[in-house]
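Pulled from TrEMBL, these are the features on record:
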- ASP42: active site, proton acceptor (ACT_SITE)
- HIS70: active site, proton donor (ACT_SITE)
- LYS173: active site (ACT_SITE)
- ASP42, GLU43, GLY44, LYS45, ASN67, ALA68, GLY69, HIS70, THR162, ARG176, ASN255, THR270, ARG334: IMP binding site (BINDING)
- 12-23: compositional bias 'Basic residues' (COMPBIAS)
- 1-24: region 'Disordered' (REGION)
Amino acid sequence: PSAEGGFAGKQVGKKTHRSGVKRPRAESMNRVTVVLGAQWGDEGKGKVVDLLATESDIVCRCQGGNNAGHTVVVEGTEYDFHLLPSGIINTKCISLIGNGVVIHLPGLFEEIDKNEKKGLKGWEKRLIISDRAHIVFDFHQAVDGMQEVQRQAQEGKNIGTTKKGIGPAYSCKASRTGLRICDLLADFKEFSARFKNLAQQFQSMYPALKIDIDGELKKLKDYADRIRPMVRDGVYFMYDAINGPPKKILVEGANAALLDIDFGTYPFVTSSNCTVGGVCTGLGIPPTNIGDVYGVSKAYTTRVGIGAFPTEQLNAIGELLQTRGHEVGVTTGRKRRCGWLDLVILRYAHMINGFTAIALTKLDILDVLDEIKVGVAYKLNGKRIPHFPANMEVLQKVEVEYETFPGWKTDTSAARKWNDLPPKAQNYIRFVENHIGVPIKWVGVGKSRECMIQMF
C-alpha cells in the first residue's frame, strides 16, 4: 500500500478508537405504506392503491399471482391488472413485482398487451421484477384445473380456484422443486434440464397431462430475453429505496385476510400470506420498515366461490347487492355471493394486520335499502363466541347477531366530503369505526378516483 493510503488508514483507526463516538442511528428511513384486503377480496384495493399511487415513487406487489384482479379507472379508461402493480399507470412511479409473487410470463405479457391497447406507455422503463420470484408454468395452470376436477369428483366440491396455477406453483416452491426468474436468466441449459425434470414429475402424477417441453422452453427463452432488462435483486433494491433519500413507497396486497393461507377460511383460501407478514417475506424488508397499514373493506360483504359465509343473504337483499354492485369477479367472471357487513371478520383482520386506518368502499350500493344490518357477533348454541372459528364446519354453524340501522334512502354517489353524506349514512360509518376500533380514512361512493371521500 502507498504511504498515503497506509497513513490515512492509521489516522482513521486512531481517531475512532480515541473518541469512541456512537454511530448515530438512522432514523430517516422511508417506511412503506401497505394496502390490504380486509374481507374475502374484491374490496376495491385497486382504487385505494391508485389514489395513493398518484403520489408514490414506488409501488410493489409482494404475493399472489395473476389470480388477483385489480380494476383501476383513470379518466374514463378502465384498466385491469393481474400481475402488474396498479402503480404502473403513473409515469413517475417504479413498479416492483416482488419475490413473493409467482409469475406466469405469458399472462404478464398478455396483460401488458391488453393495457397497451388502452394507452399504457413506457411501462418497460418503470417495471422491475425480483430475480427471486418463482415462475408459474403453463402445466401448473393445467394441473390446477385437473385438481379442481378431481376435488369435485372425490368430495363433491372444489376449492373454487381461478385455475391460474397459483397453488401448484407455490407447492413447487414449498417442495423446493420450483424454478425462479434468476434460474431462467442464468444458464439456460441447466434451467432446461430442471424444467424437464419438473414437467416429467407432474406428468407422472397426472398421466393425462400433455406438455410440449421443447415448445415451452422455446417460449421461455424468448420471455427471458424480454424480461432480462427489468430483472433486479429485489432485496438490494428495497434496501436502497428504504434507506435512501425520501421516497413514498406503497405495497399493494392481493387477495385478502380471509383468503390467507394461515388465517383464512381454510381450505377455501389462496396459497400465499395476504396479510401483513407477507409484505416482509414477499419483498425482503424488516417489520420496522412498515408504516401505515390500510385495510380495505366494502360497506357490505362479498365472496367468490365456495366456503362458509356467515352473513350471506340468499334472498332479494343478496340479489340487490349483487346487481347494484355489479359483483362479478375481475379474473374469473364469476358472480360474487353477497351479504351484510361482518364486523367479526373485520376485527379479526385487524388483529392480524394492525390496521392504522380503513377504506370503506361501495357505500353508494346501500343507498336504496330501507334498513341495513351489520353482523356484530357470532353465536354457537346460543352463546357468543369471542373468536373467529378456525374450523369450517364450525363457521358454517354460527348464528350471526345483527345491529339494524335505518337506510338513508338517498343517492350518495355525488358526495365528495363527509358533510355531503346523509346523517344516517354518517351514523352507519361511525358505528363501524367504533366497533372495529380503527378510524375510517376513506369512504367510496363510486367507481372513479374522485368518488373516494377522504375523511382526514
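Glycine too: its Cβ is placed from the backbone N, Cα and C atoms.
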Nonlocal neighbours by CB distance (under 8 Å) for GLY44 (IMP binding site), same chain, sequence gap 6 or more: VAL296, LYS298, ALA359, THR361, LYS362, GLY444
Sparsest-packed of the listed binding-site residues (ASN67, THR162, ASN255) - C-beta count within 10 angstroms: THR162
Surrounding CB atoms that lie within 10 Å of the CB of LYS173 (active site), all protein chains: 19
Residue among the recorded positions ASP42, GLY69, HIS70, ARG334 whose Cβ has the most other Cβ atoms within 10 Å: ASP42
Whole-number Å value for how far LYS173 (active site) lies from ASN67 (IMP binding site) (Cα to Cα): 17
Neighbouring recorded positions, C-alpha within 10 angstroms of HIS70 (active site, proton donor) - of ASP42, THR162, LYS173, ARG334: ASP42
The residue listed as 'active site, proton acceptor': nearby recorded positions from THR162, LYS173, ARG334, Cα cut-off 10 Å: none
Span of the IMP site, taken as the largest CA to CA distance across ASP42, GLU43, GLY44, LYS45, ASN67, ALA68, GLY69, HIS70, THR162, ARG176, ASN255, THR270, ARG334 (Å, rounded to a whole number): 34
